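One structure is given below, encoded as structure tokens.
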């Protein structure tokens, strides 16, 4: 693979509170604002509380999920009196750190999230982006005591629905387990360390350092699995089985238990071997998702350096 050059990555956005009850990002942003970290070495940093009304209410969202409002169609849709608050907010954020797909967009956008699932620290991104993969590899080399994984969602950027897709480069940091509305010191410090390392990588890159190519493992989404439901009422009839609970990213094999019905019957997995993640995520009950399933693949990336 030939080396690839990029211009300086000097304009960065750090966002938290996109979901108002995911507290790591909320308090990370507040602390960065308090420390006046908007100028850090070669970096100009926009520090953004994404959904202030939801943060104030300590709810995931007020009217609709903000982190599903960033497709190109939604960002360009007309605003009327009936437009949900979060869609209006998405368009405001797009104007602030985008516009999405433009040369004016920030160079790197990082959106901090929590999950109630036992997923450790995950990068979530869309297109296969060399900058993101280099940062991932760098963080893995620096935080060796932490399981750091990555999930790639195979969608065109125009259809990418979450905030990180607005930047030229971007990813979400998803960390758990952490209950909604709760702040855990271990989770907060894990994310703080990751953000500090990201800033260090950016400073090194902008100073002219070359980063050698390599490979990383990522998980690609294959499908989502719903809970068993009553055919008439639509209510769930089973919970995640204890042998699956807290075992995100552990290979799921045919015959493994996945649900335990309320009448005591075990539902077993009967499909190809895949890896579960976002297992029993609280926010996904309304989306009718018990867990996602994905494949583990390896991505190779080239060396990168500064243009010129």
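Along the chain as shown, residues are numbered 1 onward.
Placed from the backbone N, Cα and C atoms, the Cβ positions cover glycine too.
Here TrEMBL flags 174 as active site, proton donor/acceptor. For residue 174 (active site, proton donor/acceptor), applying a Cβ distance below 8 Å and a minimum sequence separation of six or more within one chain yields 113, 114, 115, 119, 121, 122, 123, 124, 151.
According to TrEMBL, the feature Zn(2+) binding site maps to 19, 22, 113. Counting every protein chain shown, 26 other Cβ atoms lie within 10 Å of the Cβ of residue 113 (Zn(2+) binding site).
Per TrEMBL, the feature domain 'Succinylglutamate desuccinylase/Aspartoacylase catalytic' maps to 10-199. Predicted-model confidence for the domain 'Succinylglutamate desuccinylase/Aspartoacylase catalytic' (10-199) is 96, expressed as mean pLDDT.
Taken from TrEMBL, the feature domain 'AstE/AspA barrel-sandwich hybrid' covers 215-295.
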- prompt: If one looks at the chain holding residue 19 (Zn(2+) binding site), which residues at least 6 apart in sequence have a CB under 8 angstroms from its CB?
  reply: 51, 54, 60, 61, 65, 66, 67, 113, 114, 283
Statement: In all the protein chains shown, the tally of other Cβ atoms within 10 Å of the Cβ of residue 22 (Zn(2+) binding site) is 30
Query: Neighbourhood of the Zn(2+) site (19, 22, 113): other residues with Cβ within 8 Å of the Cβ centroid, in order?
result: 16, 17, 18, 21, 24, 25, 60, 67, 112, 114, 115
